[in-house]
Amino acid sequence: MAQSRDTGNPFPDSGELDNPFQDPAVIQHRPSQQYATLDVYNPFENREPPPAYEPPAPAPAPLPPPSAPSVQSSRKLSPTEPRNYGSYSTQASAAAATAELLKKQEELNRKAEELDRRERELQHVALGGAGTRQNNWPPLPSFCPVKPCFFQDISMEIPQEFQKTVSTMYYLWMCSTLALLLNFFACLARFCVDTGSGSGFGLSMLWLLLFTPCSFVCWYRPMYKAFRSDSSFNFFVFFFIFFVQDVFFVLQAIGIPGWGFSGWVTALVVVGSKPAVAVLMLLVALLFTGIAVLGIVMLKRIHSLYRQTGASFQKAQQEFAAGVFSNPAVRTAAANAAAGAAENAFRAP
């Protein structure tokens, strides 16, 4: 407009006014030609060229998982942690299978020991036989004129499941013998301080000399042979005689005065006048009591084992009859008696 005023033409060329965007102020803010429309124009766009592409660094290799311990360490599960019931059942099944295998292994070992024992017994019989087998009990020195009377080997002759029972009965017999020996010394000590107790001292010597061999022969050996050969007859002999022996064990523990037993009653009678002798007698009474209790327990235990073996009174009768008729002396005596009876019958008028 200022230019028009200078030229003096109030009506400038219409071509200059046809395009209103020719104004310099508008041209200055016109967008560049690289954008076709205003819709794609971004005034905040960075016109600098993008940086060159760099490939990402490779990720580090994952570490190998730690080896699981052979036994899973016990830990307390959190309340929100789910329980692994599947693994528990698997572990329980594995534990049950392991226990079953161990049980079968123990049974196989027991059978192997039994077979080994039988094999050694057969070898022993094949080499010398039962007739030439040397007796080893009682274990006497070689220079002693009295030789052993019995052969005893619990590990070889007794089955594996009964060896502990037979060994316990053998120790019971040894303890009863020791108690009778101590009872003899206690009665001797009392006789030394009281000469009026001579009858008790004499009976204590008799019990020592009588019960020691008789108990071994009458109830221990039948019990040993019963378990060795599963003999019902020997079981019945043992039950009868050992029951009587248990009664004597109880009487020994009671200690009736004048019977030759240093039991509780006799020890309490002496405790007031002879304290030193009473102490020894109380120890013997305590030993008698323990033997009586153990004897009753073992009698009940052996009876339960006897019932498990399938033995019976009929079987005992059959064994007794077979043993009697297989004895050469019995057969000879029976034949002589029959021949004598027949001869007398023919001679009778």
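From the backbone N, Cα and C atoms, a Cβ is placed for every residue, glycine too.
According to Swiss-Prot, the protein has these features:
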REGION    1-90  region 'Disordered'
TOPO_DOM  1-168  topological domain 'Cytoplasmic'
MOD_RES   S32  phosphoserine
MOD_RES   T37  phosphothreonine
MOD_RES   Y41  phosphotyrosine
COMPBIAS  49-68  compositional bias 'Pro residues'
MOD_RES   Y53  phosphotyrosine
MOD_RES   S74  phosphoserine
MOD_RES   S78  phosphoserine
MOD_RES   Y85  phosphotyrosine
MOD_RES   S87  phosphoserine
TRANSMEM  169-189  transmembrane segment
TRANSMEM  200-220  transmembrane segment
TRANSMEM  236-256  transmembrane segment
TRANSMEM  277-297  transmembrane segment
TOPO_DOM  298-349  topological domain 'Cytoplasmic'
CROSSLNK  K315  SUMO1 cross-link
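Listed stretches 169-189, 200-220, 277-297 were compared with the transmembrane segment (236-256); the greatest number of C-beta pairs under 8 angstroms is found for 277-297.
Sequence-distant contacts of the transmembrane segment (169-189) (same chain, six or more residues past either end, CB-CB distance under 8 Å): 154, 197, 200-201, 203-205, 207-208, 211-212, 215-216, 220, 223, 249, 252, 260-262, 276-277, 280-281, 283-284, 287-288, 290-291, 294-295, 298, 302.
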